[in-house]
Amino acid sequence: MSTQHLWLRCEKKEFERRSALTPTTAKKLIDAGFQISVERDEQRIFDDVEFEAVGCTLVDNSSWPTAPTDALIIGLKELPASQEPLPHTHIQFAHCYKRQAGWSSVLARFHKGGGTLYDLEFLTDATGRRVAAFGYHAGFAGAAAGALALAARRSGEKLGHLEPYENETAMIEGVKNTLGGSAKGVKALVIGALGRCGRGAVDLFRKIGLSEDDILKWDMAETAKGGPFQEILDVDIFVNCIYLSSFIPPFLGKDQIIAAGQNRRLSVVVDVSCDTTNPFNPIPIYSINTTFSEPTVPVDLGQDLPLLSVISIDHLPTLLPREASEQFSNDLLPSLLELPRRKTKRVWTDAEKLFHEKQKEAIAAEGL
């Protein structure tokens, strides 16, 4: 069997510091017989020398298009928009299987180049659970960003540029200090509280000082009656952590918010799920993703109503880049070790089957 070649590409999304591979997981792959190429990247949380020290081969930044076609290109976030054909096999979050904006043009690039996409979001175990996900850290970081936005609002300011934290402890202390030492008295509602993402949000709220009674933990049972939900307007921070796969009634709507007038308590909505361009978005009160440099967007409610801000950053875990990367890459490792046998291993055969199904839809949509 020939040596399996994995090529870790750099991330081009602004402020993205996470990595699909870490020096720890790269070493385990090398020990298992893999060849690992790592693109030099000053933005990545791990220094190039950390990868070099465990036996990886360093290559030029953004050089993956010239990699041997038998090298599997691994990354996290989507590739920059382009019409260039993709002849390689890519492992990444492509954000194109749920008909997000531009979905068909992304998949058309693989059709034109003959490449394959293994979408990280759809690598699942035998029970249908994702083998690796950033959910916990997304919820944890999203709740932190929401608390920071609330503190800024109470000071009559807009939340400024968000910077990554060294670790969870630093994040917790930083948020508590911004809130004046504790978040006691703040009330929050988390929808999707039983999932990885929701658990992360709930944990952050606990650790910054919210009382248990002030953390409303909703999941499918609480939302079964269908939205919109008045209860969302009665908290300071609402965090959406659901995994959206089909239409559901909106949780919150502009008319509902406007009707509440001056009596609304809600100040910050954190849409961790970030289905901004999904036609089934259950929070249809905003239309753009926010960024680390501009973390919030105001909801257009007209004049004379209290400000309502939305955080819709689609890579929140990069606020904790080292811890999030280590957790995710370690969870992904058992599946990566099966790559040399991907034509027979279920996690990869299922992912390839789904790719071909979605690509067929894209070909029809693009008229190819």
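Cβ coordinates come from backbone N, Cα and C, glycine included.
Note that TrEMBL annotation is computational and uncurated.
Computed from a predicted structure; not experimentally measured.
Counting every protein chain shown, 18 other Cβ atoms lie within 10 Å of the Cβ of LYS77 (active site, proton acceptor). Positions annotated as active site, proton acceptor by TrEMBL: LYS77.
Taken from TrEMBL, the feature active site, proton donor covers HIS95. The C-beta environment of HIS95 (active site, proton donor), restricted to residues of the same chain at least 6 apart in sequence and closer than 8 Å, consists of GLU78, TRP103, GLU121, ASP314.
For ARG129, GLY195, ARG196, ASP219, THR223, TYR243, VAL272, ILE313, ASP314, HIS315, LEU316, the entry in TrEMBL reads NAD(+) binding site. Neighbour density for ARG129 (NAD(+) binding site): within 10 A of its CB lie 9 other CB atoms from the protein chains shown.
Summarising the annotation, TrEMBL assigns disulfide bond to CYS197-CYS241. Close to CYS197 (disulfide bond) in the fold, though at least 6 residues off in sequence, lie GLY135, TYR136, ALA138, GLY139, GLY142, CYS241, VAL272, SER273, each with a CB less than 8 Å from its CB.
For 7-141, the entry in TrEMBL reads domain 'Alanine dehydrogenase/pyridine nucleotide transhydrogenase N-terminal'.
Taking the C-alpha positions, the distance from LYS77 (active site, proton acceptor) to ARG129 (NAD(+) binding site) comes to 20 Å. In this record, NAD(+) is bound by ARG129, GLY195, ARG196, ASP219, THR223, TYR243, VAL272, ILE313, ASP314, HIS315, LEU316; the longest C-alpha to C-alpha distance in that set is 26 Å.
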